[in-house]
Amino acid sequence: MMYVSARSGSAKRSISSLPHLSQRFKQTENEIVQMFSVPNHEESEKPQEKWKLSRKDPSVRMLDERFIRIVKIFKWGPDAEKALEVLKLKVDHRLVRSILEIDVEINVKIQFFKWAGKRRNFQHDCSTYMTLIRCLEEARLYGEMYRTIQEVVRNTYVSVSPAVLSELVKALGRAKMVSKALSVFYQAKGRKCKPTSSTYNSVILMLMQEGQHEKVHEVYTEMCNEGDCFPDTITYSALISSYEKLGRNDSAIRLFDEMKDNCMQPTEKIYTTLLGIYFKVGKVEKALDLFEEMKRAGCSPTVYTYTELIKGLGKAGRVDEAYGFYKDMLRDGLTPDVVFLNNLMNILGKVGRVEELTNVFSEMGMWRCTPTVVSYNTVIKALFESKAHVSEVSSWFDKMKADSVSPSEFTYSILIDGYCKTNRVEKALLLLEEMDEKGFPPCPAAYCSLINALGKAKRYEAANELFKELKENFGNVSSRVYAVMIKHFGKCGKLSEAVDLFNEMKNQGSGPDVYAYNALMSGMVKAGMINEANSLLRKMEENGCRADINSHNIILNGFARTGVPRRAIEMFETIKHSGIKPDGVTYNTLLGCFAHAGMFEEAARMMREMKDKGFEYDAITYSSILDAVGNVDHEKDDVSSF
């Protein structure tokens, strides 16, 4: 085959990448030079001067193209190495960076980098190492990237600047190699690389991203101890966010004040974080004052700020103010996003303002916000809670699917719970089957709602069947589901089954909670086992499970039903001395006990106490008192007639 110069455009190449032409042909050094020479006669006469030219000089660009052609055709191996040697081109840092930036396989770049490092009178510097590190990160070769970074920090000829160290930390952070990033950081410090605020910020932000908030505080303390390295706005923003996530609200507020004392202007993000903290600790007025301070400081609130604002006001029950801020935000020219609108709908739904909620939903399109599964869940939940007709709820569910929004596990849970509470158990059971068909995992909340509804409908066998199914599919069942099942076993007189479930809970290790104890005590009282129920109450508190008012009311009701007021009065005094406030059920239970026992003076005294405490008489209890008084009057009339 005839070998021709690369300048002959119409001639066939002497080298082919096709498999049947992959055999290497012996070439002279002159032929290789001819193939990749620059079409510039003057420059070819001065090969030693070409690297002194400006980066913008066309000849330099052409020189780079020769290397690119060699690497692309030969890949890497003896041919490529020989071609580079024959061309007698000087390998310098700019050339290495250029070759690493071209579009060739990562393995070619790695091999070229190693080859260049072995050249006489050449050593890699920080710029060539960093170029390779970026290539390795892009190729997701994180192990090779870390080994290269280790070379950088250990190489005595390479000077690692604070800016380079920041980039190394960020690269390892993005690769989720946090411990290795910290190791590199401290190795570089040991080599007298003095980190700046920016370097420390890179470490802090990496730790934050991985949720290592306690470590953030340690790095901040170390930074302050440097003496001449001071926190900046980025540092304060990261620290305040970390403290907020750790629940160290006082520390976050202190840092905010410290920042202002140091004449630093808080950012929108910092103000927004502080707003959330004040609302979380119940300091609503302080949060509103901070919002006004933010505006006075010339820091414009963002949609995230307004989201935090309406969430906090909604939680505090100040819904009108939250809705007012929505209108203010629109007047200020800010466009709400889907997260803001979902939060606003949630606030309106919780207080039953369904019409306004649906209006906000209909406005989403105007703001170019596509309703999400959260949007639909919020509407459906609000409709159930406002006692809307089931057909209206079903129409929203149909609309959701028509809009190609896939229902979530929570959607089904809301619907199943709502249908159960509206006595549409069969519809709820069909939805449970639909969940299974769609591949959703067993949802304990949905099962709990169904088990409870079936129990109320006295379909105890069906409830027990679902309970067993949940245990088989889900493994460990929540205490709340156990409590529901124990309650229904007690109601239908299957106390031994209820006790077995209670003991099963104890064997699981988590231990029964207050709901489970209350359910079993209620079953015992129903079965006339009042003393056993009272013993269980004492055992419950001995086991570290704090009784609530319902626990005491169950026992009080048991004593009241026995017709022995003394024990009921003792329980009432126990409740008051335990620090738990009696409720309306407590007073009405004792009042009924007094009425049945004919203790009218005590009943009258109890009624006055109830009135002082703001409790109303139960209609049934009040009627029984009147009946009892009437019976006494009849008895007196009968006696006087003799």
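The backbone N, Cα and C atoms fix where each Cβ goes, and this holds for glycine too.
Quick caveat, the model's predicted, so the values are computed rather than measured.
So that you can see what the record holds, here are the features copied from Swiss-Prot:
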| type | residues | note |
| --- | --- | --- |
| REPEAT | 125-159 | repeat 'PPR 1' |
| REPEAT | 161-195 | repeat 'PPR 2' |
| REPEAT | 196-230 | repeat 'PPR 3' |
| REPEAT | 232-266 | repeat 'PPR 4' |
| REPEAT | 267-301 | repeat 'PPR 5' |
| REPEAT | 302-336 | repeat 'PPR 6' |
| REPEAT | 337-371 | repeat 'PPR 7' |
| REPEAT | 372-407 | repeat 'PPR 8' |
| REPEAT | 408-442 | repeat 'PPR 9' |
| REPEAT | 443-473 | repeat 'PPR 10' |
| REPEAT | 513-547 | repeat 'PPR 12' |
| REPEAT | 548-582 | repeat 'PPR 13' |
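Under DSSP, residues within the repeat 'PPR 6' (302-336) fall into helix, strand and coil as 26 helix, 0 strand, 9 coil. Taking DSSP states H, G and I as helix and E and B as strand, the repeat 'PPR 10' (443-473) has 27 helix, 0 strand, 4 coil. Residues of the same chain lying 6 or more positions beyond the ends of the repeat 'PPR 1' (125-159) and with a Cβ under 8 Å from any Cβ of it are 93, 96-97, 100-101, 106, 109-110, 113, 116, 167-168, 171-172, 174-175, 177, 180, 184, 187-188, 191. Model confidence over the repeat 'PPR 5' (267-301) stands at 96, taken as the mean pLDDT rounded to a whole number. With DSSP classes pooled into helix, strand and coil, the tally for the repeat 'PPR 12' (513-547) is 26 helix, 0 strand, 9 coil. Note on the repeat 'PPR 6' (302-336): residues 268-269, 271-272, 275-276, 278-280, 282, 284, 287, 291, 294, 343-344, 346-348, 350-351, 353, 356, 367-369 of its chain, located 6 or more positions outside it, place their CB under 8 angstroms from a CB of the stretch.
Long-range Cβ contacts of the repeat 'PPR 12' (513-547) within its own chain (Cβ-Cβ under 8 Å, at least 6 residues beyond either end) map to 479-480, 482-484, 486-487, 489-491, 493, 495, 498-499, 502, 505, 554-555, 557-559, 561-562, 578, 580. Long-range contacts of the repeat 'PPR 5' (267-301) within the same chain: residues 233, 236-237, 240-241, 244, 249, 252-253, 256, 259, 308-309, 311-313, 315-316, 318, 329, 332, 334, each at least 6 residues beyond the stretch ends and with a Cβ under 8 Å from a Cβ of the stretch. Residues 514, 517-518, 521-522, 524-525, 530, 533-534, 537, 540, 589-590, 592-594, 596-597, 599, 602, 613 of the same chain sit 6 or more residues outside the repeat 'PPR 13' (548-582) yet have a Cβ under 8 Å from a Cβ within it.
Secondary structure of the repeat 'PPR 5' (267-301) per DSSP (helix as H, G, I; strand as E, B; remaining residues coil): 26 helix, 0 strand, 9 coil. Residues in the repeat 'PPR 7' (337-371) partition by DSSP class (helix H, G, I; strand E, B; coil) as 23 helix, 0 strand, 12 coil. For the repeat 'PPR 7' (337-371), same-chain residues at least 6 beyond its ends with a Cβ under 8 Å from one of its own Cβ atoms are 303, 306-307, 310-311, 313-314, 317, 319, 322-323, 326, 378-379, 381-383, 385-386, 388, 403, 405.
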